[in-house]
């Protein structure tokens, strides 16, 4: 049957009337053979037969270019080069994973999980050392692909992803959702990496350090033809957004991966479900033992709670799911010489000793520096300049000195002496009782702190001054145009033309961006101040709780600990920050310069009749979009969750409500339709 079909595709006469039909049949056949080869590992035609089909399709597309379809396999070869990558906002955030570095870490994770949901099984898979990618299919056709980026916004790499032969341009079958997001890892197999470096070596070009860097660099090529020549691969590891959300999906992570495979997406053959903790450890040890024999680089294994309902009950923290963890392999280690120690001053004034090492190749990169953290760490290691040290790449990323080799210590070895004065500004270095970190007391007077503080202040997640990059900030400070954050708002376009490579047009645009940044939010402003351990989420919680800067400025430690996710340590940092006169002077100067934000109205108890309740939205709402409905419910005090549980107070069911409605009815949860929701919102408007 297959031979007859193949012969027909290769021999059928083509006319303008039947060209579209023949070309679609060729595309469909080639796509199916790609899946059989890359996903099923069961090719049904020879390479030469595949090439003949491809050549026939290419010839027909040359004759009838207006009939080329989006899922044609010829579209993998790469098109015109791009000028830049567009930004894509993910439909839902692409979170990272927490790490476990030993059995104690994993055991603690396991206890947190089982304390919350009881006994669990884990879906275990190798942690590929590549680049996280989101791929969106609409009606089964690949529509767009993006990098993870910062988790919320990534780069559009659609044309490059289309060149990866193992990724289907059109999904197999017809049981997939109308819209489905597939998340996975793009990587470069070891053999492809070696071949790439062999070609570079032959041309006397720069070599790639490791497959991960090669994969990342290949995916971020503006010319997709370069990507097409790099032999990248892809494994799917999760479903993302699915629409409609009523579409039936498997109830376990492992079964959902099998669904992805049935649609033609490649998944790792090393995936395994482990019901017992001992099986998880055995799986980890087995993969670790075979690490060097695998066709691709890995840096650990990922353990995910297999049951989707349990995943939903566990939920997420700010940047990672509570139901998954990356169990990292022991880092690779090498010995080298400690040649000296430099002291660096960070944005918060932390004075950090940095070891200067005789360069050594470890964990795939050449390491010449490593942090020594603080004086306590130096004392713990008993380390001296001139020692032979053991260097490790912790988590295969951050170089770390883990020990010295005492028997190799020379007589000329010298003690490491912490400076009494800041190496940048000369201010006294202080170490507060109970803190391991020594800090420069110079505050924003210290140039090192000033640069980093203003870089942070202008960054995208802070005041988001478009065009105010690190190099611009450094020049502004070096040329003494800016000494504090408030000075940014005194800059004029003509002043900024003094900067290197800053013409009047660029300076005018930057001046406009600075003016626009005056209008912000209280949460962004608090984050921009660079208060120790106050990240985006904490800044947002502080803003929501106190509603005004004046209230926050006078808050006590006790009042601060009442804020969600603010513990005693963070509360002390916040209180200490607002107790410093110099910090208050900077804040007052910023407000005087015109920085402002809309007032946050603290809701009264009467205005929040749903306070303490948990609501869930499902199905299609016709008169109100879901984001608006969620925002209005939250304004009434409700917590809006993504899944139904026994703790759910009410489910709002729109059209085509599916499994969430069934579960709510099973649990006896109150169900409300859209009209009832609108009536509730109107009554509380």
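Glycine too: its Cβ is placed from the backbone N, Cα and C atoms.
Per Swiss-Prot, NAD(+) is bound by 47, 48, 49, 50, 51, 96, 97, 125, 185, 304, 328; the candidate from 148, 220, 230, 356 named for the same site is 148. All protein chains included, residue 127 (active site, N6-AMP-lysine intermediate) registers 21 other Cβ atoms within 10 Å of its own Cβ. According to DSSP, residue 49 (NAD(+) binding site) sits within a helical segment.
Taken residue by residue with DSSP, residue 304 (NAD(+) binding site) is part of a strand.
In the three-state DSSP assignment, the secondary structure recorded for residue 97 (NAD(+) binding site) is coil. Closest to residue 425 (Zn(2+) binding site) by Cα-Cα distance, out of the recorded positions 49, 127, 304, is 127.
For the domain 'BRCT' (605-685), the DSSP counts in helix, strand and coil order read 29 helix, 17 strand, 35 coil.
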